[in-house]
C-alpha cells in the first residue's frame, strides 16, 4: 500500500501551522493556564486578574518563564496536528472511496472530525498532560519532560483523557452553530435580493466573523470541561516549607475538581478565565488556518520533489545492478 501523499501534505502543513501559532501565543497560553488552574476562596486568590500572572513573572525577573514548557508544547502541537490532519484526510479519503463521491455531507464530516480528534487525544495525552504541568509550575521551577511524566504512574500521564475525548464534540458544536447562522443570514439576504438575481453567498469577511462567533459559542458551552481538565493536569502547588525530598503527585479526579470549584468559587468559578480562553482559541485557529493555507502549496511541491528524487535514485540503482 503506497503512501497517501495528499494526507502527508495536509498533515505536515497543519503541523507547521500549529507549531508557529503555538509559539506566537505561548505567553498568553501560559498566563491563561496558570489563571485557570488556581482555585481559591474569594479574597485568597493569588491571581485576581489574568494580567496578575504576567506581573508576577515580571516582578520575579522570570519573564522567560512564560515560555516554560514551550518545547514540549510545540512537540505536542506538531505531533497532534500531524495525527489529526492525517487521520482526517485518511478517513475522508476512505469515505469518498466507499461512497464513490468526493462530496461529504455535514454529518459525515462531523463524524470524521470526531474520529480524528479521538485518535489524536488518545495518542498525545501524555504530552498534553506534561505540557500542562510544566506551564502551571511555579515560575522558574518547571521540570523536564521525562521528569514531569515520571513523577507519578503512567496512569497519571493520561490524566484528563476522558475530558479530552468529551471535548472532541467542540468542532461539532462549532460547525452546527456556524451552519445555522449561515443559513439564517443567507435566508435574510436572499429574501431582500431581487427575483431572478444570482444566489447570495457569504463574503470572506462574514465567513470569518461567523467562524469566530461559532467557535466562541462552542468554547462557552464546553468551557467548564476545559477548566476542569486544566485543573486535573496542573502541577501541584509548591509549599514554602516543603523539603527537597520528592513528593508523589496528588491524584485529581473530575468529581474532586468540580466540588472544589463549586465550594470555593461558586457557579461562576466554572467560567473563570473564559475571556482569555476565547481570545486564545480564536487567535490560534485564525493563525493556524492562515499559516496552513500559505504553506500547503509549498509543502506539496517539496513532497513531490522528494518523491521524484527518490524515484530517480531507485531507478538508477536498478539500471546499474547486473
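Along the chain as shown, residues are numbered 1 onward.
From the backbone N, Cα and C atoms, a Cβ is placed for every residue, glycine too.
According to Swiss-Prot, the feature repeat 'Solcar 1' maps to 5-94. Mean predicted confidence for the repeat 'Solcar 1' (5-94): the pLDDT average there is 84.
Marked as repeat 'Solcar 2' by Swiss-Prot: 104-184.
Per Swiss-Prot, repeat 'Solcar 3' is recorded for 202-298.
Residues annotated as transmembrane segment in Swiss-Prot, with sequence analysis given as evidence: 8-28 (among others).
Annotation source Swiss-Prot lists transmembrane segment at 104-124 (among others), citing sequence analysis.
Here Swiss-Prot flags 158-178 (among others) as transmembrane segment. Among residues of the same chain six or more beyond the transmembrane segment (158-178), those with a C-beta under 8 A of the stretch's C-beta atoms are 106, 109-110, 113-114, 117-118, 121-122, 125-126, 128-129, 132, 210-211, 213-215, 217-219, 221-222, 225-226, 228-229, 232-233, 252, 254.
Look at Swiss-Prot and you will find 201-221 (among others) tagged as transmembrane segment.
If you look up Swiss-Prot, you'll see 254-274 (among others) marked as transmembrane segment.
If you look up Swiss-Prot, you'll see 286-306 (among others) marked as transmembrane segment, on the strength of sequence analysis.
Remote same-chain partners of the transmembrane segment (104-124), defined as residues 6 or more beyond its termini with a Cβ less than 8 Å from a stretch Cβ, comprise 76, 79-80, 83-85, 87-88, 91-92, 95-96, 161, 164-165, 167-169, 171-172, 175-176, 179.
Counted as Cβ pairs under 8 Å, contacts with the transmembrane segment (8-28) are highest for 286-306 among 201-221, 254-274, 286-306.
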